[in-house]
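Going by Swiss-Prot, these are the annotated features:
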- 231, 232, 233, 285, 385: L-serine binding site (BINDING)
- 262, 263, 264, 349, 350, 351, 352: ATP binding site (BINDING)
């Protein structure tokens, strides 16, 4: 949620900054009109309450003097009814304003490149060289089928499309990856490890910005107002909802492994094979709560920490700065880390690292005090994938594939896999 003080003081300027995000702003102009109506209603209610207090005092005087006060009591009741009617109107206006505020996207940071689509994203840096093959590189689903380590067909029978069974060394590779990722972030970068709930309530989904806008993308539990988490960002950020943190403890860094669940409502026909776009997948998520003045430095740190996973795995990648039109609803600035996928001859997203500034903190009411008796301020929140595990499996299978159908295990993972060096047919 953006700062209402900023919105009221700079309405047209804020609108001009939001337009390049390409989000639906159809309700945006209504805010100014309704906000003015809200102020008018508050003024009327306060005026009538003042009048009611005066009348109440007059009634008290008349009663002490044993005089007739019926006509004044009637007037007081009429004023009370008018106040009740205006209060109801005010609640309706405030509810509508709250709905509009929840639909307004975050304001892009001035450093974000202006553009409409992913074609306008800016490459920041590349790392590593794409492997050279003397043959046509195979897609990871064919490699996995040959090695008997992933089973999409049986998962489709058991559940449906966009699900998978990991088995044998495939399951062990997945487990090795998330253990390696967690060890790196916890041991080297001092993150606190968390295992979160996989279901959250509506308030939590609203706090991080998934609701109300993206409800169709979420899996909802019948007869309960619970949702399966699309990312561990949701429960981890909401750990501190409605709390005031001590500034001495910031930054707070969490690393969480979880399954993630997404309906992929708008992805029909895209990435229908393989691990790139699944309804259920595992991910290691990094979440930060920081002081406002530190958040952009922390974004660079966060991105570098996610990159380090790929560097240690020796997987080629690039870092992209997302343009305004590809920034998404909640982020003020976002980097995508994209790993090389040989069979597609392109880079694919494997991590998004975002600074939300105070956008999520306002929605979730997360604040901090610089001093024990200081005025509470909203924290800035950040999160990034460190990394999406299934996509990392896909990248390893494709980049480390051999002509005989085997796959070399990255050196850094071998201690997690019984010192095996290769996955053979």
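Backbone N, Cα and C define each Cβ position, glycine as well.
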**Sparsest-packed among the binding-site residues, when each Cβ's other Cβ atoms within 10 Å are tallied, from 231, 351, 385** = 231
**Asked** Which residue, out of the binding-site residues 263, 352, shows the minimum number of other Cβ atoms inside 10 Å of its Cβ in this structure?
**Response** 263
**Request:** Taking Cα atoms as reference points, rank the binding-site residues 231, 233, 285, 385 by distance from residue 351 (ATP binding site) and give the first.
**Result:** 385
**Message:** Please list, in sequence order, every residue of the chain apart from 231, 232, 233, 285, 385 whose Cβ lies within 8 Å of the Cβ centroid of the L-serine site.
**Reply:** 234, 236, 256, 258, 260, 283, 284, 286, 287, 383, 384
**Complete:** residue 352 (ATP binding site) sits from residue 385 (L-serine binding site) (Cα to Cα, rounded, in Å) at a distance of 6
**Item:** Cα-proximity to residue 233 (L-serine binding site), 10 Å cut-off, over binding-site residues 263, 264, 350, 352
**Value:** none
**Fill in**
Expressed in Å to no decimal places, the gap between the Cα atoms of residue 350 (ATP binding site) and residue 232 (L-serine binding site) is 15
**Item:** Cβ neighbours of residue 349 (ATP binding site) where a neighbour is any other Cβ within 10 Å
**Value:** 15
**Message:** Rank the binding-site residues 233, 264, 285 by how many other Cβ atoms lie within 10 Å of each Cβ and give me the one with the fewest.
**Reply:** 264
**Request:** Starting from the Cα of residue 231 (L-serine binding site), work out which of the binding-site residues (262, 263, 352) are within 10 Å.
**Result:** 262
**Request:** Only counting partners 6 or more residues apart, tell me which same-chain residues put their Cβ under 8 Å from the Cβ of residue 232 (L-serine binding site).
**Result:** 194, 196, 256, 257, 258, 260, 283, 285, 287
**Request:** Please determine which of the binding-site residues listed here (262, 350) has the lowest count of neighbouring CB atoms within 10 Å.
**Result:** 262
**Request:** Taking the residues 231, 232, 233, 285, 385, which the record names as binding L-serine, find the longest CA to CA distance and state it in Å to the nearest whole number.
**Result:** 9
